[in-house]
């Protein structure tokens, strides 16, 4: 395992230098703690009263009339028109009152003058909302007149009906300019009763929903939104959530339980002959790559049944292999020999296709450029070099570094180069603006990991703490994770699980630690290794597969507790008996 030198700390931290969910604002917000009651339970409760209105539900906060109207709206939206009409009739709760019903039909039919009159008859208390809705209706009238080339009538609508509303003067000027060049605005509407006209009027109805109170026009798919939001609240409150959204059900409250966390050793890979320092799953989740002090790297293949077998052993380095990293298309890997060379390998054949080095200097970290067309490396002279695939040096950054670059990464857009520049400082270098932003920690950094969305940085510290930084805008710490042991060696952690909702880490006490990412709660400790656990990797496509690399020379694959111990023994034996040895002398 890599030892953290006292004079050259392994990683640094740094400081700065130079879906809310879809829904409707206001009336559509979900409040209260109704998550614990199922939909069927709510409907079965006796009726109570809330002022003059009957209510349902154990809390007495759901108005029966609103509940029925939302169900009616959902039935119509789903195409069950007969069922919707029957519910209106049987319940006595019409979806819309008579004036609103007439108003909506007038909008659909393009009867704009009548619809404006009906709008005022609804009796809305908010005068601004009435004016805005009137503007919307008259604007559509204006467009339709323009479409059929009734320019004089369109001008009259603008002067005598829209302008007197005294709102949205900028839009009024735009409408006026359309009289000079109607063709630029024709696409907004159509006078014909065809598909184009129907679509334009449907958009008017959608915009009216944002202007008028929900009690007048129930938002489209309101019931779906309420139910979906309830499921998301249950999911987000589940500390052990590690299943796909497709596994959520309306029939029962959601709770994953600890059994959804990979915590059972399902396979042990024993082909390395010395300490295993690094491992990483491929982006497609079909392969696992590992590197070792034994001067080799191994590519493992994950079969359809989840069993892992040795595909290639990569031989050619003259020193321990400190890292192996996947290209973005998973067709190649690069391996980094400790202060030696970087080698690029073809995954299908296992052949070494290129070697990267710089005279008098060796790499101590490496990575891929986002487009897969370049190799980056932190060198022993504290510089960062970038080569194209053919080995031509493209860029080299020296900077004010007092520390060797023991970890390096580049964001997917190629804009930010993330590296260590001092023992407790991480540099975020903006390649486009040629500016450096720093994240400064309180102790020596030993390693870091970038989240899939490039918004978060997971930083391992010498003081046995892991910190999660949000690096969008001004960097800030959002969570801390404690419990694992680290005193001498480089220990690596990772994101993983559903939406990378967990943090996993190795530890010098031979265990794997897993925390809930948002809360920082330690969920589980996994014993099994006989030496320090140096690195962990969570399969990005299999939520229930985690791998750990140890000084005991083995890789443990962790999964759910579904495997027969006798089959596990067979898998362990198979994992160390197949595969092809590939040697590389460089080129």
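Here the Cβ of each residue, glycine as well, is placed from N, Cα and C on the backbone.
Annotation source TrEMBL lists compositional bias 'Low complexity' at 25-38.
Here TrEMBL flags 568-579 as compositional bias 'Polar residues'.
With helix defined as DSSP H, G or I and strand as E or B, the domain 'CTLH' (96-153) counts 46 helix, 0 strand, 12 coil. The annotation domain 'CTLH' is assigned in TrEMBL to 96-153.
Among the features that TrEMBL reports, region 'Disordered' is placed at 1-53 (among others).
Feature annotation from TrEMBL assigns region 'Disordered' to 568-587 (among others).
Secondary structure of the repeat 'WD' (269-310), assigned with DSSP and counted as helix (H, G, I), strand (E, B) and coil, comes to 0 helix, 23 strand, 19 coil. The repeat 'WD' annotation in TrEMBL covers 269-310 (among others).
The repeat 'WD' annotation in TrEMBL covers 314-355 (among others). Long-range contacts of the repeat 'WD' (314-355) within the same chain: residues 2, 274, 277-280, 282-284, 286-287, 289-299, 362-368, 370-372, 375, 377, 380, 389-391, 580-587, each at least 6 residues beyond the stretch ends and with a Cβ under 8 Å from a Cβ of the stretch.
What TrEMBL records for 368-390 (among others) is repeat 'WD'. Listed as Cβ neighbours of the repeat 'WD' (368-390) (distance under 8 Å, sequence separation of 6 or more from its ends, same chain) are residues 325-329, 332, 334, 336, 339, 342, 344, 354, 356, 358, 360-362, 396-399, 401-408, 410-414, 417, 419-420.
A mean pLDDT of 96 is what the model gives for the repeat 'WD' (526-561). According to TrEMBL, the feature repeat 'WD' maps to 526-561 (among others).
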| said: For the repeat 'WD' (368-390), how many residues does DSSP put in helix, in strand and in coil? | reply: 0 helix, 12 strand, 11 coil
